Amino acid sequence: MENFFNQFFENIGEDKNREGLKETPKRVQELWKFLYKGYKEDPRVALKSAYFQGVCDEMIVAQNIEFYSTCEHHLLPFLGNISLGYIPKEKIVGISAIAKLIEIYSKRLQIQERLTTQITETFDEIIEPRGVIVVCEAKHLCMSMQGVQKQNAIIKTSVLRGLFKKDPKTRAEFMQLLKS
């Protein structure tokens with residue numbers, strides 16, 4: 001890792017021995033362990049250990065769960081919030097498990113579209129609800145800092161399964177709950 005940073009500093013014309021940079025390789029290495037710890041965790045385990053048999057058959061919504069991730073194209077952050085709604089069949093999941101699921105997938109190199117899909121598919125596979133919907137809204141620093149330099153652009157993605165995909169009324173109810 002140190003060789004990588006020494007080469008990086010040299011390539012951009014920086015002095016690797018400058019006081020403020022001496023410990024940077026170590027600090028960044030520790031930061032990267034945290035930012036990409038999702039590779040060392042199994043999202044299925046997070047859900048399997050946190051559900052219980054439930055009697056609720058109405059929509060449950062976890063809204064505005066904050067996240068940040070790293071764009072795999074430019075290695076710059078994208079951040080925002082995710083809302084997940086589901087209609088249970090037999091299993092109800094603890095809300096903290098939804099946040100953990102989001103954290104595990106977001107702590108990997110990502111694109112927003114895949115992040116949204118992975119969360120939806122894993123939730124659908126493990127919890128087996130009658131329907132699940134995930135909406136992700138994020139600001140991408142790669143759009144703000146370089147290229148088109150659009151500071152206020154928000155990207156929205158959604159993935160729907162089951163009743164949310166088949167029934168427009170169910171989908172509309174979820175969207176209305178997000179607005180309220």
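Each residue's number is its place along the chain shown, starting with 1.
Glycine is no exception: its Cβ is also placed from the backbone N, Cα and C atoms.
Per Swiss-Prot, the feature Zn(2+) binding site maps to Cys71, His74, Cys142; the stated evidence is sequence analysis. Secondary structure from DSSP puts Cys142 (Zn(2+) binding site) in a helix. Under a cutoff of 8 A between CB atoms, and with a sequence separation of 6+ in the same chain, the neighbours of Cys142 (Zn(2+) binding site) are Cys71, His73, His74, Leu76, Phe78.
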Original post:
Which one of the binding-site residues (Cys71, His74) has its C-beta surrounded by the most other C-beta atoms within 10 angstroms?
Top reply: Cys71
